[in-house]
Amino acid sequence: LAGSSCVRLVEQHRSAWCFALLVLGYLLYLVFGAVVFSSVELPYEDLLRQELGKLKQRFLEEHACLSEQQLEQFLMRVLEASNYGVSVLSNASGNWNWDFTSSLFFASTVLSTTGYGHTVPLSDGGKAFCIIYSVIGIPFTLLFLTAVVQRIIVYVTRRPVLYFHIRWGFSKQIVAIIHAIVLGFITVSCFFLIPAAIFSVLEDDWNFLESFYFCFISLSTIGLGDYVPGEGYNQKFRELYKIGITCYLLLGLIAMLVVLETFCELHELKKFRKLFYVKKDKEEDQVHIMEHDQLSFSSISDQAASMKDDQKANEPFVTSQSPTSNDSSLNN
């Protein structure tokens with residue numbers, strides 16, 4: 001009896017139990033990521049700190065006329081300028097952060113919420129305009145991307161799946177799964193593998209792994225900013241290169257959304273997501289159905305009445321009989 005009551009209790013609150021497991025799993029995943037990142041990156045940070053400390057001590061020993069306080073003030077100012085995208089190195093003096101192409105690239109990263117952070121507004125007016133521009137532009141970008149993805153997915157996902165299902169008689173669920181896998185492979189090839197190979201050639205300091213890392217960080221809108229293309233010294237065709245990267249980011253983001261929407265439409269994923277949703281009450285569903293039926297019935301009756309009026313208006317040779325004539329005919 002106790003076992004059956006427990007099973008009945010679990011079945012009655014199945015959605016709540018699934019949601020609790022989802023929250024617990026997410027927290028454990030966060031802790032797992034923190035442990036792995038800490039164990040992997042902490043030794044490298046320690047080595048870098050020791051190396052910088054040795055370089056600083058050696059520089060002070062070679063330049064006895066410079067005090068440690070003066071050196072730290074200079075380094076603080078340099079680091080502050082570097083956070084705003086301005087470098088004091090001689091090989092970086094030719095690259096401007098706020099020419100038209102760089103500003104276009106910055107605007108695209110802001111509206112797509114990628115935000116590399118390598119270039120930020122310097123003036124108060126620029127910061128204020130960035131707030132207003134983002135408040136209007138980010139919802140506008142979401143509307144634009146939603147409209148584009150909604151049209152693309154009809155021709156890329158729904159019609160091909162329906163074609164193979166109707167024309168060849170395959171199961172719709174199996175066709176949808178195979179189509180999603182093929183579409184994901186094509187997207188990874190066209191927007192991750194091939195661009196990573198191109199970036200590894202165009203960027204002198206990037207290998208293939210770093211280039212693939214940049215593509216993933218960018219198209220997933222994480223945007224850490226540790227790798228930004230087109231910032232090298234004497235970059236050839238820098239303006240055209242920046243415009244091409246901007247187009248790549250927009251097209252890649254659209255492709256990623258199409259793939260995600262395609263996977264979200266799979267029947268298996270829909271059933272899996274429903275495990276964590278709150279079920280609607282039957283009373284709310286009944287009220288919704290009654291309201292829908294009333295609206296549909298009223299709309300049908302109004303439509304029928306309007307059709308009758310149109311028919312009467314379109315019959316010029318049929319005259320309506322008066323009530324008196326009807327009464328006299330009945331008396332006769």
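Cβ atoms are placed via backbone N, Cα and C, with glycine included.
As recorded in TrEMBL:
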{"type": "TRANSMEM", "residues": "17-40", "note": "transmembrane segment"}
{"type": "DOMAIN", "residues": "90-152", "note": "domain 'Potassium channel'"}
{"type": "CARBOHYD", "residues": "Asn91", "note": "N-linked glycosylation site"}
{"type": "TRANSMEM", "residues": "131-153", "note": "transmembrane segment"}
{"type": "TRANSMEM", "residues": "174-199", "note": "transmembrane segment"}
{"type": "DOMAIN", "residues": "188-264", "note": "domain 'Potassium channel'"}
{"type": "TRANSMEM", "residues": "211-228", "note": "transmembrane segment"}
{"type": "TRANSMEM", "residues": "240-260", "note": "transmembrane segment"}
{"type": "REGION", "residues": "302-332", "note": "region 'Disordered'"}
{"type": "COMPBIAS", "residues": "317-332", "note": "compositional bias 'Polar residues'"}
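Across the domain 'Potassium channel' (188-264), DSSP assigns 54 helix, 0 strand, 23 coil.
Within the domain 'Potassium channel' (90-152), the DSSP-based counts of helix, strand and coil residues read 44 helix, 0 strand, 19 coil.
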